[in-house]
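K.L.:
Found this in TrEMBL, in case it helps:
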BINDING   ARG195, GLY252, ILE253, SER254, GLY255, GLN256, PRO257, GLN258, HIS259, ASN273  FAD binding site
DOMAIN    22-165  domain 'Electron transfer flavoprotein alpha/beta-subunit N-terminal'
DOMAIN    183-264  domain 'Electron transfer flavoprotein alpha subunit C-terminal'
Amino acid sequence: MSNNVVIIVADDVPVGTVVAVAKRADSQVRAVVAGSRELAESVAGAGVASVCWVPQPEGVPTEALAGVVAQKVQQLAPAVTLAPNAAASRVLAGAVAAALDAAVASSVVAVNFEDGKTVVERLVAEQRAVETLETTAPVVALVSDGAEDVEESAPAPIEEVAAAVLAPMTVAGIHEGESGGADLANAQRVVGVGRGLTSKDQLALAEALAGALDAEIACSLSLCDDYRWFEHARVVGTSTQRIAPRLYVSVGISGQPQHMTGVRGAKTIVAINNDPEAPIFRNCAYGIVGDLNKVVPALTAALS
């Protein structure tokens, strides 16, 4: 089995971590890029040895290029194919995995080769543990989000691949979801609400507290998917978005791992819940056991 590594990219996202993970296993990393010339040039300057560029025509979705990309990766015959955990790159990863009959791993933080095997390390248990996998089969891996800088290097050569046959797809339209003005990624203070709110009228209490703190409002997944009280842009959790405010105040949130992974980056967590056994009290700096109908207005008054 070869010990070479290929990265595939189709999103304009930072690739420093993907390239770093790849180069720790193979110093001559090759890249296959689907998208604009600018994207190909960006990846070419990120420390890879070469770039194979599949141009993306206007109005053509990434899915239409997936077969071409998969064919090119097959020709390179890598032991490991890495991709950033981003929407369009995931599309390519699926096509490549099918073409190579490859094992697939997500949340990957490291790959290497030992005794004729590929060894993959990935985050599990809500990123609290690292699982090590070994295989002799090809591997397609989505790299866990990271913040490694792009290595300074001379631009790699770019080979343009003409896509002779594209899948017959076009973009019919793009509809952006409602954001409701949410900017949780940059918020310094966030008030999060969960199923402990038994009535939509109680949202006014949390909103008043958020106003006193100059904070954004966030919610657990159930308040969006089940109750339909919030748009998806305000959901925090493993499968949605992760935030890192200076202060996170949870109101009526039990503290299940799916949600707590999303707020792990918060510097200070304050929890308000009427259940003294709620898991969130094991993950907060300050906990208040009490009726939110009394505790939240009292906090708001003290801050006003």
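Keep in mind that glycine also has a Cβ here, set from the backbone N, Cα and C atoms.
Let's see these features in context: how buried, what's close, how far.
P.N.:
Long-range Cβ contacts of HIS259 (FAD binding site) within its own chain (separation 6+, distance under 8 Å): GLY192, GLY194, SER220, LEU221, VAL236, GLY237, THR238, ILE253.
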K.L.:
Pick out which of the binding-site residues GLY255, PRO257 has the most other Cβ atoms within 10 Å of its own Cβ.
P.N.:
GLY255
K.L.:
Using DSSP, how many residues in the domain 'Electron transfer flavoprotein alpha/beta-subunit N-terminal' (22-165) fall into helix, strand and coil?
P.N.:
39 helix, 52 strand, 53 coil
K.L.:
On a simple 10 Å Cβ count over all chains shown, which one of the binding-site residues ARG195, ILE253 is most densely packed?
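P.N.:
Result of the Cβ crowding comparison: ILE253.
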K.L.:
Mean pLDDT for the domain 'Electron transfer flavoprotein alpha/beta-subunit N-terminal' (22-165), rounded to an integer?
P.N.:
90
K.L.:
Just how spread out is the FAD site if you go by the largest Cα to Cα distance in Å among ARG195, GLY252, ILE253, SER254, GLY255, GLN256, PRO257, GLN258, HIS259, ASN273?
P.N.:
18
